[in-house]
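A short write-up of the structure that comes next.
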C-alpha cells in the first residue's frame, strides 16, 4: 500500500469518483476530510483506487447529505436510486459501488454485485478478476439450472433451506432469480413448512447474521443499533419477538428465520428491492425451557420480559424506527403472542404504518379463498355460516374481515354480520355466558347459545357451511367432524390453515376421503394431489404469500401512511379475481403461484387505488395506470453489466 499525499493525487481521485457517479445521475459529492490511498502492483494508476473517507463515511452513516441525489430519483418501490441502477435500462452498464468501486476479490465477496462465473470477459479485465475465477463464462440461466440440479440432490428439506440461505449471502441476484423462476418448488423451502424446522434448529445452523438482533441489552440504545444496519433507505421491516413462531410456540431469538423468510418473499414475489428490506428480531428472553438449557441457543438466557418493561421496550423500538426511517416505512409484526399482537396493532395502528400478517394478512387471503369458493357452491357470504376452530390472532382476524365484507355487501351493521360467525377455543364454543372470562378480542364473537365443549358437537349444533381451522393443533378435524360437515352440505368448505404441515387440522387426503370427494379444501401448508376413487383432486394453499408482498408494494408505491381495513378487502377481491375458470374446474380456489408477480402487481394496484381514495397516499400525482406503475417498480434479479 503506497500512501500518496498532495493536491494533484487528491484531485485525480475526486475526478475518478465524480466520473463514476455522473454516469448514473448528476450529483454533488462533498469530501470534508479525505484520506486517499492507492494500491500499486507496479503498474501505477492501473490498480483500483480506495478512498478512505473518514469524516464523510461517518456523516453518511449518520444520515447527513455527503452525497446528494435529485429528489425525483427513485428505484422500484420508491427508494432513492443511490447507485443509478434503476435509472439505467437493463442493457446499460452500471458501476458496482459499495463504499468505493468494488473490484477483485472484494467484488466476488459482495452478494449485491457478485455474478460468479457470469462475469463477462470485459468485466473480468475491468475489475481485476483474472485468475480469481475459472476461465469459463456462463449465462444467468445456466447458473439457475445448475443450482436447481444441486438443490434437487438434497433429500432433507432443511439442507435445501441452508443451501438457499448460503446462496443469498453469496449471490443475491442468483438467489432471487432462482426463487422467482421456481417459486412453486422453492416456496416451501424458503418459507413454511421448512422455515419452522429452521427456526427450531436456528442456534445449531446459525452461520452469519441476516438481520438486526435487538435485545434488552440495547435498551436505551435502540436508535444507535438501527444505525448499525448498513442500508439507510429502508421501506419494509418485518419484526418478531419469537413468542409464537408458526404453530411451534416460543422459539425466542431463533425466530429470526421468519423475518428473513418473509422479506425474501417481499422481494421475490412483490418486487421490493432487497436493500430496502430489514429483518429484525426483538429478544426479550424466552420461556422455552429447552432453549434456556440449550448450549447452542443464541439469545438471552432469561425469562421473557412482560408488562411495563415489555411495553416500554417496544415503545422505544417503534419510536426509533420512525425517527430513523421516517413515517412511510412499513412495519410488519410477525408471530407475536396473541395478547401482544392485538395490543401492538391497536396501539400503533394510528401513529405508524403497521401491518400484522398473522391477523390481517391471513384474514385477507382466506377471504379471497371464500369469495372464490362461492363461485363453486353458490350464494353470498351473508347466506353462509362459519365455524372456526381457534380464536387467536388468525381466527378473530379472519372472522372480522369476513364480517366487514358481509356488511359492505349487504349494508347491514357489522354486529349483525358477526352473528353468522362462530368460534371455538380451547374451552369450547364461545358463547355469551362466558363473556366475563373472555379476552377482549374474543368478546365480539360471544353469541347466545348453550355451552358446547367439543368441536364435533359444535359442528352438529351450528351446522356451518364453512369450517376454518386456525388453532395450531394438528389433526383436530377428525373423521367424525368432516363427516358431520358433509351430512348437511353438498360441498362443505374446509380450510385447515395451521402451519407447519404437522400442525394442520387435517390433510388434503383426509378431507377428500372423509367427505367422499365433495369437500372444497385448502390448507396453510402445501399438500400434493390426492387420488380418490379414480379422480385426482388438487388442493389450494391459503398462503399469506399471495397477499402480503403485493399489499406491501401497494402501500409503498402510493406512499401510504396508514393501513386501513378497506385496503385488506381490496386485496382480497383482487386476489379472488385472479382465479380462472380453469382453476375452478380443477377444484382450486386460489391461482397457481407461477403467476405470483403478476398477481402481486394487480393486488398492489388495488391497494394503492384504495389508499388514494381514502386520502392516505402521499406519492402524488396518482399514476394513471397503477398496474403498469406497480410492475415498473418491481425489482428485477437480472444481472447488470458493469462498466
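Positions of Cβ are set from backbone N, Cα and C atoms, glycine also.
Given the structure is predicted, the values throughout are model-derived calculations rather than measurements.
Noted in TrEMBL for the protein shown:
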DOMAIN    168-349  domain 'Malic enzyme N-terminal'
ACT_SITE  191  active site, proton donor
BINDING   244, 499, 543  (S)-malate binding site
ACT_SITE  262  active site, proton acceptor
BINDING   334, 335, 358  divalent metal cation binding site
DOMAIN    359-612  domain 'Malic enzyme NAD-binding'
Sorry to bug you, but what's the C-alpha spacing from the residue listed as 'active site, proton acceptor' to residue 191 (active site, proton donor), rounded to the closest Å?
7
Would you list, in sequence order, the recorded positions among 244, 262, 499 whose CA lies within 10 Å of the CA of residue 335 (divalent metal cation binding site)?
244
If you count other CB atoms within 10 A of each CB, which of 244, 262 wins among these recorded positions?
262
Residue 499 ((S)-malate binding site) has how many other Cβ neighbours within 10 Å of its own Cβ?
24
Max pairwise CA distance, angstrom, over record-listed (S)-malate binders 244, 499, 543
18
Additional residues around divalent metal cation, ordered along the sequence, whose Cβ is within 8 Å of the centroid of 334, 335, 358:
240, 244, 245, 258, 333, 336, 341, 356, 357, 393
List which of the binding-site residues 244, 334, 358 have their Cα within 10 Å of the Cα of the residue listed as 'active site, proton acceptor', in sequence order.
334
A correct count of other C-beta atoms within 10 Å of the C-beta of residue 334 (divalent metal cation binding site) gives 27
Residues near residue 358 (divalent metal cation binding site) by Cβ (under 8 Å) yet at least 6 apart in sequence within the same chain, in sequence order, are 333, 334, 335, 336, 341, 393, 394, 397
Let me know the model's mean pLDDT on the domain 'Malic enzyme NAD-binding' (359-612).
96
Same-chain residues at least 6 apart in sequence whose Cβ lies under 8 Å from residue 543 ((S)-malate binding site)
187, 192, 365, 524, 526, 590, 593
Can you tell me how many other Cβ atoms are located within 10 Å of the Cβ belonging to residue 191 (active site, proton donor)?
25
Among all protein chains shown, how many Cβ atoms are found within 10 Å of the Cβ of residue 335 (divalent metal cation binding site), not counting that one?
26
